[in-house]
Amino acid sequence: MMWGNWTIVSEFVLVSFSTLSSELQALLFLLFLTIYLITLMGNILIILVTTADSALQSPMYFFLRNLSFLEIGFNLVIVPKMLGTLIIQDTTISFLGCATQMYFFFFFGAAECCLLATMAYDRYVAICDPLRYPIIMGRRSCAQLAAASWFSGFPVATVQTTWIFSFPFCGPNRVNHFFCDSPPVIALVCADTSLFELEALTATVLFILFPFLLILGSYVRILSTIFRMPSAEGKRKAFSTCSSHLLVVSLFYSTAILTYFRPRSNTSPENKKLLSLSYTVVTPMLNPIIYSLRNNEVKAALRRVVRRTLGPQKL
């Protein structure tokens, strides 16, 4: 259908991994399905354990529970459709479906960036100002910080998605990606997008780079405080409470920054797909594993939950 000089696009085609052989796509389907199930089970387990166990009611585990909810939402937005493109070759996505997927991708992505910064602030207060920690990180303050992190996703998602899908599209509707991300969709627009790209860069700086700099600043202060501790045991405990979060931040931000801050000429679509897989599929799976294996309190809580669950069956 034509409207003026523009083609009205009613659906898009996700190129995804269609250039690969059918056998390789089947193997990828099994791999990503396994990762998806591990991600869901791992994050649900973290939510259940940190909710049920009385020893895990500190602010750190409250924020970890919020992170698990975000990771589950992030995966639900992207992975099921990607699995469909691999196993049944359902590569089409409606105009509204593409906009919805992009909206929630922006929403969960921005919220996660802000929540990771909030978790770094929590660790900063716990280590650098421990005497005032119960006051600063009280129940109400934690709820407000978590709500602010979640709410931060709304403005960027609303502005970015509404602006992109108000542009005219000229007929080519093949999105060279496995989900509706902003750059490959913008490439199909038949209009001047320079103002939008300036706004998108500003949003990227605010919601990716700025939280990352806050995290970096927090850990500079944290490490400075740890190195001044006289007790080796105190240093070990302080490092152990930060190491899991620091590893999660490194995994998430390294791939996100490489994806959205590299010049377009230096990033092929295939390389961008691989980088996107890292923070949309792999990292959400690793987060509960990292927090479970590197955190003695979580491991102890898991053992208590297992004993309570299996105990009655032994009697």
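Using the three backbone atoms N, Cα and C, a Cβ is placed for every residue, glycine included.
What TrEMBL lists as domain 'G-protein coupled receptors family 1 profile' is 42-291.
Residues or ranges marked as transmembrane segment by TrEMBL: 26-50 (among others). Packing against the transmembrane segment (26-50) from elsewhere in the chain are residues 17, 20, 56, 61-62, 64-65, 68-69, 71-72, 75, 79-80, 82-83, 86-87, 281-282, 284-285, 287-289, 291-292, 298, 301-302, 305: each is 6 or more residues past its ends and has a CB under 8 Å from a CB in it.
What TrEMBL lists as transmembrane segment is 62-83 (among others).
Non-local neighbours of the transmembrane segment (103-121) in the same chain are 60, 63-64, 66-67, 70-71, 73-74, 77-78, 145-146, 148-150, 152-154, 156-158, 160-161, 179-182, 207-208, 211-212, 214-215, 218-219, 245, 248-249, 252-253, 256; each lies 6+ residues outside the stretch with a CB under 8 Å from one of its CB atoms. Residues or ranges marked as transmembrane segment in TrEMBL: 103-121 (among others).
Per TrEMBL, the feature transmembrane segment maps to 142-165 (among others). Here the transmembrane segment (142-165) has Cβ contacts under 8 Å with residues 59, 62-63, 66, 95, 98-99, 102-104, 106-111, 114-115, 117-118, 121-122, 182, 185-186, 189, 196, 199-200, 203, 206-207 of the same chain, all six or more residues outside its ends.
Residues or ranges marked as transmembrane segment by TrEMBL: 201-223 (among others).
The annotation transmembrane segment is assigned in TrEMBL to 244-262 (among others). Here the transmembrane segment (244-262) has Cβ contacts under 8 Å with residues 67, 109, 112-113, 116, 119-120, 123, 204, 208-209, 212, 215, 219, 272, 275-276, 278-279, 282-283, 286-287, 290-291, 294-295 of the same chain, all six or more residues outside its ends.
Within the same chain, residues 32, 35-36, 38-39, 42-43, 45-46, 64, 67-68, 71-72, 74-75, 78-79, 177-179, 181, 244, 247-248, 251-252, 255-256, 258-259, 267, 299, 302 sit at least 6 positions outside the transmembrane segment (274-293) and bring their C-beta atoms closer than 8 Å to a C-beta of that stretch. Residues annotated as transmembrane segment in TrEMBL: 274-293 (among others).
Outside the transmembrane segment (201-223), and at least 6 residues removed from its termini, the chain residues within Cβ reach (under 8 Å) are 109-110, 113-114, 116-117, 120-121, 123-124, 127-128, 152, 156, 159-160, 238, 242, 246, 249, 253, 256-257, 260-261.
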